[in-house]
Amino acid sequence: MASDKHSERAPSLVDDHDVAHFALPNDEATLFASPLPIVGERKTTTRKEVWSWYIYYVGNSGLGPFNFAISAWQNLLYQAGWDPAFPKGTVACGDGSCNLVAYGQERSVNSIVLITNGLSFAFQAVIFLLVGSFADYGVWRPHITTGFTVLAWAVSFAWLGVEKPSKWEAGTALYIMGLIGYQGALTFWTAAFPGLARDLPEIKESEEKLASGDTDQKTHDTLDMLARNRLANVSFLVCSLGELVVLAILAGILEGVINDDADSNTKALSIVCAYSAGVWIVCAIPWLIFEQYRPGNQLPPRTSYLTVGVKQIYHAFRLCLRLKQTFIYLAAYFFLGDCLNTLVTVIATLQNEVVSYDTKMLNYLLIDGIGAQAIGIDLFWLVQKKWTIPTKTMLLFNAFWILVLAAWGCIGITQTKFGFHNAWEFWAYQAFYGIAVCPWYAISQAMISEVVPRGKEFLFFALFSIIGKTSSFIGPFVSSAIIDDSGNTNMPFTFLLGLGVVSVGILACVDVEKSRMECRKYLEDEAIRVYGMDPEDIGVVREAVEMDGLRKEDDKSKNA
């Protein structure tokens, strides 16, 4: 029965100009396989491996490089700057505006922060493009995460030597490098989860049933989708709960360090960055030990690691029109990521001004946000699991609350009672952001895994990360220009609200089912064009024992 079902091969038409040989739509097993040859043996995901992957995220939560490094650096900028209402350098910054000469001219601190974030994201885009383009080949890619992790550790400890206003330029360099290390580690750690989900025992069993005809497409789709969402959501939940413990310990440390003066507050911010590195080291060790070296694609003929990246990028962009759904989501991810990243930066800048960079207050606000984040991600996952809600639907619901956040900021353009001008608003913001907005970071990654070709996760996760960083490179510059032109730090919210509305409209157009077909066609084209494989050898999987590349068929299947 099974061999009859899969015995017909998809028709092919191959010429020198194009490849029109694709898997049949009802060839269910083929749609979940990659025809490309692989290096290494497929692993089975273990419980220790999954939990070590979860725990790593507690350390790589961004406590130092993302949350407190910007406060430490911005605090140095304010101490080194002056009040623009008075002659240059005569009056220290107070509760109002603060200026400093940076990037060739006198600028507001808010403008400097936005420009620096833009530069950091631009550097990340270049680095991730170089590294991510060849990460799907061979079995060495775990070392990429390790390299970025060590960079972030080193930068976090280096903050202990940057505690004087005169060192604000060194602080700028550390802030940029810290973001590169943090985002690089996060990107390639995240890219590992589709492989972890694919190698779960229940998913491998379902793949075998799908190939033999013992289960149907819809059942496997649902199991596969929920497995990826479970890993993405539970990792975020574990991270949130772990962060609460980390922040509670930090609160005790800060009580013993801060003496209600500017110098001790500055020192405390540097200590927080170093403390975050120590936590990260402890949390990363299990993952570095238990991560299995999963198989990757073989290098194509006449290709080396020095050239495969360029070929990969060329192949991906040359065939981007074949991956229409992938690139529609890429556009939505670009614009919505730009909206959210810039929103967080603008609100963090306003928050720092309102609470006057009080380290203890910032820590308590973060505890508020992380606690809410744990509640939010748990609620989103429980609802999705109970009603088997598709990833795209969950993401659209989540995106709506991002628009609400931008709309609230718009209220503060013309008055100060509301719109991120008061301390109570930031307590409310942290809770709202944690419950309604933070699930974006898990769901959006699960959505990426649904629209990228199998076996190409590291390339496409790097590409999505690059696009996210490129969008964040654009948003801060536009927001900085808006602030400089209007003199109103809330004015960027209008731009961000419009951007968010456009993003949600694009996201609604993504078709996950069409994406699966397009991804299979993309892989078949690469197998023929890049690897020189015979089209007749890649059309149908039939009795697949190994779903990645090299396959074994039983005698009955061969003789069908």
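Glycine is treated like the rest: Cβ placed from N, Cα and C.
For reference, TrEMBL has these:
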TRANSMEM  53-73  transmembrane segment
TRANSMEM  112-132  transmembrane segment
TRANSMEM  144-162  transmembrane segment
TRANSMEM  174-196  transmembrane segment
TRANSMEM  234-254  transmembrane segment
TRANSMEM  269-290  transmembrane segment
TRANSMEM  327-350  transmembrane segment
TRANSMEM  362-383  transmembrane segment
TRANSMEM  395-414  transmembrane segment
TRANSMEM  426-446  transmembrane segment
TRANSMEM  458-479  transmembrane segment
TRANSMEM  491-512  transmembrane segment
The transmembrane segment (395-414) and the transmembrane segment (53-73): do they have three or more Cβ pairs under 8 Å, with pairs 6 or more apart in sequence?
no
When counting C-beta pairs under 8 angstroms to the transmembrane segment (144-162), the leading stretch of 234-254, 269-290, 327-350, 395-414, 426-446 is 269-290
How about the transmembrane segment (112-132) and the transmembrane segment (395-414): at least 3 CB pairs under 8 Å, pairs 6 or more apart in sequence, or not?
no
I'm a bit unsure how to read this: which one of 174-196, 234-254, 327-350, 426-446 has the highest number of Cβ pairs shorter than 8 Å with the transmembrane segment (395-414)?
426-446
Given the transmembrane segment (426-446), its same-chain partners at Cβ distance under 8 Å and 6+ residues beyond its ends are 190, 193, 228-229, 232-233, 235-236, 240, 333, 336-337, 340, 347, 351, 354-355, 365-366, 368-377, 379-380, 391, 394-395, 398-399, 401-402, 404-405, 420
